[in-house]
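Structure, as structure tokens:
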Amino acid sequence: MKFNKQLFSACFLFAAAFAPTEAAEPVPEEFGSCTVCHGVQLKGNPGTGAPRLSGLQTWYVENQLESFRMGWRGNHSADYTAEEMRAVASGLSAKQLKKAPSYVNETVSSLSFTHTDGDVDKGKALFASCSACHGATGGGNEALAAPSLLVQSDWYLEKQINDFRNGLRGAEKDDASGQLMAASVATLKTDDDINNLMAYIVHLQQQEMK
Amino acid sequence: MTGVSRRNFLNLVGAIGGSVALYNSSRAMGLIAETGPVSNYQIKPADKGAKKIVILGGGVAGLSVAYELQMAGYECTILEASHRIGGRNLTVRHGDLVDELGNANICKFDDEPNLYFNAGPARIPGHHQRLLGYCKKFKVPLQIKANANRLAYIHETNLFGGKPVRAGEYIADARGFMSELLWKGGNQGAFDEMLTKEDVENLMGYSRFFGDLGLDGSYKGTGRSGSLNDRMLEHVKVKPTQDFTEVLKSRTGLMAALTSENYDWGEPLMEPVGGMDGVVNGFARNLDAKIILKAQVQGIHNKDDGVTITYQHKGKLHTLEADFCFNNIPAHFMPGIDNNLSPEYMAALSEFKRGNLFKIALQMKERFWENEGIYGGISFTDQAISQIWYPSHDINAEKGVILGSYSWNDDENEKFAQMSLEDRIKVAAQCGDKIHPNYSSYIESGVSVPWTRMNHMMGCGAHMEPEVQDKNFAILQKAEGRHFLIGDQISQHAGWQEGALASADNALRVFSDMRTQAA
């Protein structure tokens, strides 16, 4: 994960507002290893490549754990971190699988931003096609298996878009919603498009926090 | 003499051995300053305002900081996230937990003290004086560990008929052919403009002995490669040489030839008797520090007069107030831990990349390699496993543990990481079969450590892009408030205990200076 230093700094300036600590609740023992990569309160960690999980919808967590276990995700040798998650998901007990979605959903952490230099208006135009499934304000739609975009860090959303574009995700034949997403990201032609889209999603996230 | 410039040589070594090899060779060639002597500064003793120290992570750097500060009267607490101290100084034996995320398993080696696997650091050269100093101080017994071995093999899938060649044979041929070229060049006046007549004569004489050439300067094989017959009873019958074109192409051959040339691999190397964790046990025997295992750090906050650490232990959150903090946590975890370190500091930290070194060890029911004349040392192959290490200890015992794979190729390591333990053993076995007949039939059990998936580690061989490293290290090797980063990660020797100890040494020097100036 390569970071623009200034943008990264901006992200930490924001996070600093939440000091001294977000670790208000202990991690249930059975999920101790989640925080190794995903960070305190599952706030995500670009250093390990692990996304923010705090606040993800329970149905989506369930869905993704199943995807990893079925090999719909994390089955591309070039996606090192998703491969790591597939191994972990495959090793979870029935009890852990049952309790994970609500644990994940209930964790609380700050959301940090790295994409502050894109063109929000251009991003808004690009978002029009996203909103069909993910909703006008990015809140997600369970009926369409489209997760909320308001709880995920932009660096990870960007990586996922690129993974969908490059066939690292959404390429398995039984992964219907993944395939749909892989087809949908074809509307994003350039890195600038993605940067602008991210700027708009960050804008939506900031609106949500107000 | 400009034929092989120093720069070209460095590029060649860099292409094969990666940046660590390049650095080491540079140092051996005098381009980079030598590791200094062990520091002799005095740590300012503890006093009322500076007494309590918290050390995050019980790896080798953390243990040495705890020991040195204890000697100066400080009270240290070590918070270690995993079930054991030592970090990547990990020796695996019968019954030990291999805590790989998603694939935790128990070592199935026989319950026998000499059947062990050093999954992390595994060799100590004589100039790693910090580490050797602690071994001496803590009475950790050491033994010689063979690293290069002329009777071990090099193996290339598409060279030498795909058959293993003894390293010594390859090295003798490579030297012989190179020397022949030098001798002929001299003989034909190729160096007349660069060298005096006397120099040319000396060069030709030197070449003849260096390559074991005939009187006419030709290389037709040498007794240095062994013999086709019983050389104890008869005159040596010289083995036929390898093809020079293939000799030039062989990168594993070059690795074997350069093994001892690398400053950190220069013979003789050493290892603690009974396993590398003898070093960790040495620290443990001599530490008064409170060590809390399974304590996962969640927050690090600098204050004007101290540091607040939040950690989870036994299902509860705890807060620990200390005067100073030494942080041995792998840097890639830091963005996931709450902290109030400065944006510049965190940006510098974020440039670290996780290394993905992988090792597999196999318990063999017979020490078949000893029947081939191999006692310790390394065979090199161009296959996924890259290396096979033979144990230097317990020679002539019934069984032995060999290192069945150790590669510096990220892609190969990642492929191994993505396999099950059974598949990893299978691949290692198939590769080994190309080098030793019936290799796989001797395997009784295997243990693998993909460092990129080890719980609370998630990487080995931390590195940065060379163009940003100096700038970031300048930030990270200083104090950040009352917080000091330590570990091999901020040394120029990631993956070596001496690098970890040097980082600790540096942090303690900065700490001591800071305290002296504040006084």
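Including glycine, each Cβ sits where the backbone N, Cα and C put it.
A TrEMBL annotation is a machine prediction, not a hand-curated record.
Taken together, the residues in the domain 'Amine oxidase' (B:60-507) have a mean pLDDT of 97 on the 0 to 100 scale. Residues or ranges marked as domain 'Amine oxidase' in TrEMBL: B:60-507.
Per TrEMBL, FAD binding site is recorded for B:Glu80, B:Ala81, B:Gly120, B:Pro121, B:Ala122, B:Arg123, B:Val297. Around the Cβ of B:Glu80 (FAD binding site), the same chain contributes B:Gly57, B:Gly58, B:Gly62, B:Ile291, B:Ile292, B:Leu293, B:Lys294, B:Ala295, each under 8 angstroms and 6 or more positions distant in sequence. B:Glu80 (FAD binding site) carries neither a helix nor a strand DSSP state and counts as coil.
Annotated substrate binding site per TrEMBL: B:Arg123, in sequence order. DSSP classifies B:Arg123 (FAD binding site) as coil under the three-state reduction.
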Cβ neighbour count (within 10 Å, all chains shown) around B:Gly120 (FAD binding site): 26
Site diameter for FAD, Å, by largest Cα distance between B:Glu80, B:Ala81, B:Gly120, B:Pro121, B:Ala122, B:Arg123, B:Val297: 31
Cβ neighbour count within 10 Å of B:Val297 (FAD binding site): 26
